[in-house]
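If you check TrEMBL, you get these features:
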BINDING   His54, His139, His143  divalent metal cation binding site
Amino acid sequence: METPMISPEWVRMMVRFGAHQNVAYADLTSDLDEAAWWADRGAFFGSLGATLNHILWADLIWLSRLASRPAPEATPGGRDIASTRVDWAAMRIGADAELTAWAGGLSETDLSGDLDWVSGLFGPQTARRDFVVTHVFNHATHHRGQVHAMLTAMGRETPTTDLIFLRDVQ
């Protein structure tokens, strides 16, 4: 079996990074009403709510594949997984706790070998498990960048998203 290109500690660091960013976005959006939360801001998923829901949904879908948890109930893409900002914040805290628990129990063996799953868009898939886990974090970072851009366009002062400057997650 090949040595994984990532380590369990790297996964735990990335979970801490994601949780840190999610708390920041929950704080930055806590004063928004539902109209502002769902307003189309020209991003790929349109609104802050739909984009943050998509990230949440994707994290839970991948946890269902990697950690044998039930898949989330939502439409494909997950834009509607949480119906309000408050629901999203609560679900996000729960998902980050699940990710933390999953990452805390990882060994190098858990990151080795292949993962088989069925994609809603592309059907049956197989990929290296370490590559899949790397994708999970890359995907979330990509879409959090869209959230950052929407918040910046709203005139919100956003905290750094640069991992190198977030010493508490290292």
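Glycine is no exception: its Cβ is also placed from the backbone N, Cα and C atoms.
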C-beta crowding around His143 (divalent metal cation binding site), within 10 angstroms: 18
Chain-mates of His54, His139, His143 with C-beta within 8 Å of site centroid, divalent metal cation: Thr51, Ile55, Ala58, Ala140, His142, Arg144
